[in-house]
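Engineer: The compositional bias 'Pro residues' annotation in TrEMBL covers 1-12. The region 'Disordered' annotation in TrEMBL covers 1-39. The feature repeat 'PPR' is assigned by TrEMBL to 127-161, 162-192, 198-232, 233-268, 269-303, 339-373, 409-443.
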Amino acid sequence: MASNPIPPPSFRPPRTDPLTRKNLTIPGSKPSDPNYSLNLEKLKEKEAKERKEETNKKIASQKAISIILRREATKAVIEYKKKKGNSKKLLPRTVLEALHERITALRWESALKVFELLQEQLWYRPNAGIYIKLIVMLGKCKQPEKAQSLFEMMVEEGCVMNQEAYTALLSAYSRSGLFHKAFSILEEMKNTPNCQPDVYTYTILIKSCLQVYDFDKVQILLSDMDYMAIKPNTVTYNTLIDSYGKAKRFKEMESTLVEMLRRRDCKPDVWTMNSTLRAFGGSGQIEMMEKCYEKFQSAGIEPSIKTFNILLDSYGKTENYEKMSAVMEFMQKYHFSWTIVTYNIVIDAFGRAGDLKQMEFLFRLMQSERIKPNCVTLCSLVRAYGKAGKAEKVGAVLRFIENSDVALDTVFFNCLVDAYGMLGCFVEMKGVLEMMARSGCKPDKITYRSMIKAYSVNGMTSKATEMRSLLASLEKA
């Protein structure tokens, strides 16, 4: 797509009423405006496209059913042959497909059972690639001990050990926060022929350290890379920039970005841009965010839907609704399809602005576009209705949930408690605890603190004391 910068700081969005905060506009939501109306021909094209999509979905569903049936048949065949004593004569494709399916789904216990079955086959030969895939899966599932056992089995079966195998094991320990063991493996790699750590090894370990904000270990690893003449790549720099930004360590983030830009063999990409924009936008530094956007754009880096989501979120949270509307118009003009993240950001912005009409329009629109609302969507609705004093609307959200398969979490119920507290619906607020129990969600500190605040503000001392007791019990546990 040709370079089309979004409205820069000097861009003038549509004129709005300066006296009201409800100055957001949704492209296409004004049927009276000829610029937004669709002619008959476009309507016909849209209907034809929808019919085609419906047909394609039916075909896809039929294929999906065939796949599911084939997988179930595979499981049945494996179990049947095991019972008959023919478990050593299974077809290679049958077992390998079953193993791949479980690895992809991160079903580690089932995957290990299938792997044991694989090892029993008459045609079985040790394969380093399969071992590495299993070790990576166990790392993602926080099972480092199991990964270690497989690594040792790999050695016993005579597999050629290489950098990839060691990196997989190192990753398994670092993902679980066992850094002492991970660093020990790193040192072992340095002293093992043909297993020297590379930039991929260091990047994985750096990412794990950054996830727990252990910046001292990160500096040790970067110094070690420099000593071993291993240069960071784009992924390494992006990982550092993103983590420094999230931790609001802007000095380190900027110096890392400058270092990256000085490297001719390591160019920034859209991930670099998104991480930088998110860091500045999330901290309210809108002008800096916009300057960075222009610089990345002039460097030839094209924005993605994630880029626009970051801009929308940043403008929405700083109540810069004019520029938010401008971004939405740009997205419509250049045919950027909205994702659930886009809808959630804009719905939340309208809700915070108190524009319930536009918020509800967007909620209906996302459903008409077959985008399923999630807990984030529902939290925004409940929060807005609570703030606006619309108890009946909160009830409507709960009825919507009853007729859907949205998986609720504690965060949603906390929003519900807070909303009922603002509305003064104390019976319903206490009833949320029962709803949580039915949904398998446990109240947390925020749940009880929200209830204590609501009771205290309204002078319900005994109720507040009761909640404090429950909070104290939770904190002791």
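The backbone N, Cα and C atoms fix where each Cβ goes, glycine too.
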Engineer: Report, as numbers and ranges, which residues of the same chain sit near the repeat 'PPR' (233-268): CB under 8 Å and 6 or more residues beyond its ends.
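Structural biologist: Sequence-distant neighbours of the repeat 'PPR' (233-268): 199, 202-203, 206-207, 210-211, 213, 215, 218, 275-276, 278-280, 282-283, 296, 299, 301.
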Engineer: In the repeat 'PPR' (339-373), how many residues does DSSP call helix, how many strand, and how many coil?
Structural biologist: 27 helix, 0 strand, 8 coil
Engineer: Please compute the mean pLDDT of the model over the repeat 'PPR' (198-232).
Structural biologist: 96
